[in-house]
Amino acid sequence: MRKIPIIAGVFSLLITSCTFAASLQDDMNILIANLGIVSSSTDTKVITSSLEKMRNAALDAQKAIPPKLEGKAEDSPEIKDYRHGFDLLIEQIDKTKQWAEEGNIQEVKKSVGEVINIRNTYHSRYR
């Protein structure tokens, strides 16, 4: 009889872990889909909306820990660097959103390149 609660506890941990990992993947999918929209659109309302979605996904993903860093302490250099990457990304998204709100599409397009550079740098480390 004692085995049932133990087994139930193990399964709930596994399910929670799988859900958490899916959430990080969902955030990454939101980021990449909306980056494509920002890259190709010239409509400031569409760009601003996509950037807001990107910002929310980045904030959510920043709280997660990718599989490559599982088991690392919260204050480890790797976790701090992972979260710093999202700080840089969010900062760049905010700058890009400001340019979109000002109607400066040329700066928006330049900024997309910087977002891609940040993504590539941190993907190579933690993906």
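Glycine too: its Cβ is placed from the backbone N, Cα and C atoms.
Pulled from Swiss-Prot, these are the features on record:
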| type | residues | note |
| --- | --- | --- |
| SIGNAL | 1-21 | signal peptide |
| BINDING | M28, H123 | heme b binding site |
* Structure fact -> Within 10 A of the CB of M28 (heme b binding site), the number of other CB atoms across every chain shown is 18
* **All-chain count of other Cβ atoms within 10 Å of H123 (heme b binding site)** => 12
